[in-house]
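Visitor: For reference, Swiss-Prot lists these features for the protein:
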type     : residues                                                       : note
COMPBIAS : 28-38                                                          : compositional bias 'Basic and acidic residues'
REGION   : 28-60                                                          : region 'Disordered'
COMPBIAS : 39-55                                                          : compositional bias 'Acidic residues'
MOD_RES  : Ser94                                                          : phosphoserine
MOD_RES  : Ser98                                                          : phosphoserine
MOTIF    : 110-119                                                        : motif 'Nuclear export signal'
MOD_RES  : Ser111                                                         : phosphoserine
REGION   : 160-197                                                        : region 'Disordered'
REGION   : 199-365                                                        : region 'DNA-binding region'
DOMAIN   : 464-614                                                        : domain 'SF3 helicase'
BINDING  : Gly490, Pro491, Ala492, Asp493, Thr494, Gly495, Lys496, Ser497 : ATP binding site
CROSSLNK : Lys571                                                         : SUMO cross-link
REGION   : 637-662                                                        : region 'Disordered'
Amino acid sequence: MDDTSGTEGDECSELERAGGWFMVEAIVDRRTGDKPSSDEDEDEDADEGEDFVDFIDDRPVGDGQEVAQELLLQQAAADDDVAVQAVKRKFAPSPYFSPVCMQPSIENELSPRLDAIKLGRQSGTAKRRLFQLPDSGYGQTQVDTESGPLQVQDICETGTQDGRQDADEGSGRNVGGNGGQEEERAGGDGEESQTQGVQTDKAACGVLAILRASNQKATLLGKFKEQFGLGFNELIRHFKSSKTVCLDWVVCVFGVYCTLAEGIKTLIQPQCDYAHIQVLSCQWGMTVLMLVRYKRAKNRETVAKGLSTLLNVPESHMLIEPPKLRSGPAALYWYKTAMSNCSDVYGETPEWIVRQTMVGHALEEAQFSLSEMVQYAYDHDITDESMLAFEYALLADTDANAAAFLSSNCQAKYVKDACTMCRHYKRGEQARMNMSEWIWFRGDKVQGDGDWKPIVQFLRYHDVEFIPFLCAFKTFLQGIPKKSCLVFYGPADTGKSYFCMSLLRFLGGVVISYANSNSHFWLQPLADAKIGLLDDATSQCWCYIDTYLRNALDGNQVCIDRKHRALLQLKCPPLLITTNINPLEDDRWKYLRSRVQLFTFKNKFPLTTQGEPLYTLNDQNWKCFFRRLWARLSLTDPDDEEENGNPSEPFRCVPGQNARTL
């Protein structure tokens, strides 16, 4: 420590001597290579502390280091421009000036007016491609991890929790849902493999991430076909809405843990009546294919949430659709794989698989018979095409003819023909009955017995004498000329329409409206009815009746025009009319006075405290009314059906079948 070589002398300050000493020590160490003594090491270790750590760059300006730093920044910016330009060239036309080099683009340089003579100007913005490349399923597919360094994903990761992102489709990792969290699928000691990072462009990573998200379903469909040997769409039918419910669902889940893939075979059983499960391994993990029949109908969202909880897999890694119920190849696939050792089956096989695969069910299939459909429509009194199509389709699971109807390509024609034939049969059946037989026939269709007293009490409430009403009603039903029209007159809200509509509903009549009087066919419904109703006749309507419908009120033969048919001559059925105008008091309609029988409803319609009608007029009460006053109304006595049974068999439009001997 006595060596003072290299110092400036005694006249130097202590600080300058210290600086000189350290300089000498550094020179000696570099020249001779001698290591400092142990006490010097101890002093240096002791001097290392917070007081000697310098965080401020107090170097003099112009020492030359900022030049290298500026050069590095320029080189990095140039590399970034090259990477961004490489990505943009895939999705947008080249601009006139390139950001990489300030030279004009070659196409503009060769022909400056080339852009002006184009028929359609190309947009400068990036466009979404209709068909993506097949190797861009997850954005970065088929990246060889052994041939070169991986890209550093940290700078382009936006939603990860650990700062990592899966860059290889076959690396044994599974990318999570929206957050992008990855989980190690590969075996080993749990340590992450060391990769050499290189600088990556943020814009390129963002575009690749978007491509991966938009092509995710296509990638899953491709992986399914690669593993199972057939397309996923061959087994399913598509539901556009995720809210549509169904009992049967086909689910394919990718990237499942091995333990959970085996455990789902037991976990799914309490929720379903049938489960067909196949488990295969792939580079993403385990792939689980399931055909599940739940105990209750579920929609796609409910199924996805339930399986996501059981399998710990995001919903974006699932393909969920209902199965094809009428596809023979699809049913045969589930049937054959159920017998192999690669599947685990729980529960009873669905009937749509059994029906298309079992020999017995195949032999039971028959051709569609229109007469059976007509018989069904006749028995259930269905003449509306939409109602018949819906109700008959519901029988497909239990009725072979209904199943054949659904398998036919002429369903609309069959429905139309069946309704047409049913209307013909109904019209012919009605035409052969007189009024007494028709009333008895309509009464037999009513279930239960009612009370006739509310009808009488309602008439007395309006001060209508029951005996005169009964006499007029008797001649009305018999169709006696000049007595076949009943008019119910009174102010509003007195129950006129309520009374007439209840009677019309029991007798199966029709309603005609004066609003359609401009048409020549507005009286056509009267051709197919036993009784008619003209509700709320106004003064214009009475003038029309007085001018054109006197014969109809008489109950005589009239001629009715029907659409696309010849004119029909028939006896006009009895007619009920409700009105707020008294036709008997107006001299304009004096010729109608002898043709109508008028009853006045004076009082307001009575209601209970709950808002229900005080007097109930339903089919059961009208049935009891007619049965009670059958003799008073001079209706013909029906045959002794209660003692001798029905004299004729029910109508059948289906041919009889001979018993087949074994």
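Cβ coordinates come from backbone N, Cα and C, glycine included.
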Visitor: Could you give the Cα-Cα distance between Gly495 (ATP binding site) and the residue listed as 'SUMO cross-link', in whole Å?
Guide: 29
Visitor: For Gly490, Pro491, Gly495, listed as binding-site residues, tell me which one has the smallest number of other Cβ atoms within 10 Å.
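Guide: Looking at the binding-site residues Gly490, Pro491, Gly495, the Cβ with the fewest others within 10 Å is that of Pro491.
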Visitor: 10 Å Cβ neighbour count around the residue listed as 'SUMO cross-link'?
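Guide: Excluding its own Cβ, the number within 10 Å is 12.
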Visitor: Which of the three DSSP states, helix, strand or coil, fits Ala492 (ATP binding site)?
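Guide: SS state of Ala492 (ATP binding site) = coil.
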Visitor: Just counting, how many other CB atoms are there within 10 A of the CB of Thr494 (ATP binding site)?
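Guide: Counting Cβ neighbours of Thr494 (ATP binding site) within 10 Å gives 21.
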Visitor: Please name the residue among the binding-site residues Ala492, Ser497 whose C-beta has the most neighbouring C-beta atoms within 10 angstroms.
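Guide: Comparing the binding-site residues Ala492, Ser497, the most crowded Cβ belongs to Ser497.
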Visitor: Which ones in the same chain are close to Lys496 (ATP binding site), with CB under 8 Å and 6+ residues apart in sequence?
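Guide: Set apart from Lys496 (ATP binding site) by at least 6 residues yet with Cβ under 8 Å, we have Phe488, Tyr489, Gly490, Thr578, Phe601.
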Visitor: Would you mind listing, in sequence order, the residues at least six apart from Asp493 (ATP binding site) in the same chain with a Cβ closer than 8 Å to its Cβ?
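Guide: In sequence order, Lys604, Phe605 meet the Cβ cut-off.
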Visitor: Three-state secondary structure of the residue listed as 'SUMO cross-link' from DSSP?
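Guide: In the DSSP reduction, the residue listed as 'SUMO cross-link' maps to strand.
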Visitor: Between Pro491 (ATP binding site) and Lys571 (SUMO cross-link), what is the CA-CA distance rounded to a whole number of Å?
Guide: 32
Visitor: In whole Å, how far does the CA atom of Ser497 (ATP binding site) lie from that of Lys571 (SUMO cross-link)?
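Guide: Here the two Cα atoms lie 25 Å apart.
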Visitor: Using Cα coordinates, what distance in whole Å links Thr494 (ATP binding site) and the residue listed as 'SUMO cross-link'?
Guide: 32
